[in-house]
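The following features are taken from TrEMBL:
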type: SIGNAL; residues: 1-29; note: signal peptide
type: TRANSMEM; residues: 69-86; note: transmembrane segment
type: TRANSMEM; residues: 93-117; note: transmembrane segment
type: TRANSMEM; residues: 129-149; note: transmembrane segment
type: TRANSMEM; residues: 178-199; note: transmembrane segment
type: TRANSMEM; residues: 219-241; note: transmembrane segment
type: TRANSMEM; residues: 253-275; note: transmembrane segment
type: TRANSMEM; residues: 287-305; note: transmembrane segment
Amino acid sequence: MSHSIKNQLSWLTAHLVVALASMVGIGGATRVMEAGLACPDWPLCYGYLLPGPQMNIPVFLEWFHRLDAFLIIVALLILLTQSVLWRHVLPQWLPWISGFMLVLVAFQAGLGALTVLRLLSSDVVTAHLAIALLLVATISACHQGLIFTSNKISANSNRNAYLKPGVKFIPYTISHRWWTYFAALTTIVVYTQCLLGGLMATQRATQLCVQKGTLCRWLYSHEIGGIVTTLCITIFVIVSLINSEWSRNQWPLLSFAILSIVMQILLGTVSMRLVLSAPGVTVAHQITAAILIAVLSALTTRGFLTTSTVLSTRPSPLLGGS
């Protein structure tokens, strides 16, 4: 039963990763389409749960963004409730992480209200994005933790099947600790670059730089940050491929990271050339950033958590050996 509940919650967290990345994308679409104030009140929209008479594309985007956030809150409440009810068979950290994410979502909702009340203030909108990306990274890490504990149960079952007198199992860390720190650093670099892009977008730095020659420092900073981010991810992937068998086995996620950064460069370049006049390109740029955060967070978590067991032929005193 414990294995079943872990699988169910793993399924839930996997879907939450998708839902949170989508929320970032929908939020980007809301900003690009200038729909952030399409609903003049909060949490309702024109005083209704479903604003039928006033419904148009901007109103739909803002309303759907709030609906996605509401569904995420419900899913996190289910995760927290289950993690508390089954705390005797689930990881001890799960209720705390679930509660932490609920606090973040509540804070996110407060920031969402402020974006309406303060008429899309740049600092509030950027903080809104920062919390959203932190939620993406956290739920991705949570998902990897649940996968790890489920796999650990299977490994322990196999271990007991082959246990012999005079033989003991010695746990060892497969991933190198410095590799994990490198993964964490890369995640932080990407996260910072995303926030820099958010600040640039909320201040309309691209349009103002092209049209009036002002606020160009934000645009140049984002471009330099893009170069640093690309180098950091590229070096991280190359080091992973030559480091050890364990890090090479992470190739599916590593290849996704490379694909994401290539897509980011292409989408960012096109978006700049069009001076953010193509909403679809800008939204895709933001969704890809959220996916990249999720992938790097997953790799970092795997590095911290991944351990295994190996057979040792050395006699164990606990098993009667000398």
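In case you wondered, yes, glycine gets a Cβ from its N, Cα and C as well.
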Taking pairs 6 or more apart in sequence, does the count of Cβ pairs under 8 Å between the transmembrane segment (287-305) and the transmembrane segment (69-86) hit 3 or more?
no
Spatial neighbours of the transmembrane segment (129-149) not adjacent in sequence (6+ beyond its ends, CB under 8 Å) are 6, 9-10, 13-14, 16-17, 20-21, 23-24, 27, 90-91, 93-94, 97-98, 100-101, 104-105, 107-108, 111, 187, 191, 194-195, 198, 289-290, 293-298, 300-302, 305-306
Long-range CB partners for the transmembrane segment (93-117) (under 8 A, at least six residues beyond its ends), listed in sequence order, are 9, 36-37, 39-43, 66, 69, 72-73, 76-77, 79-80, 83-84, 87, 124-125, 127-128, 131-132, 134-135, 138-139, 141-142, 145-146
Given the transmembrane segment (178-199), its same-chain partners at Cβ distance under 8 Å and 6+ residues beyond its ends are 122, 125-126, 129-130, 133-134, 137, 205, 218, 221-222, 225-226, 228-229, 232-233, 236, 239-240, 243-244, 247, 289, 292-293, 296-297, 299-300, 303-304
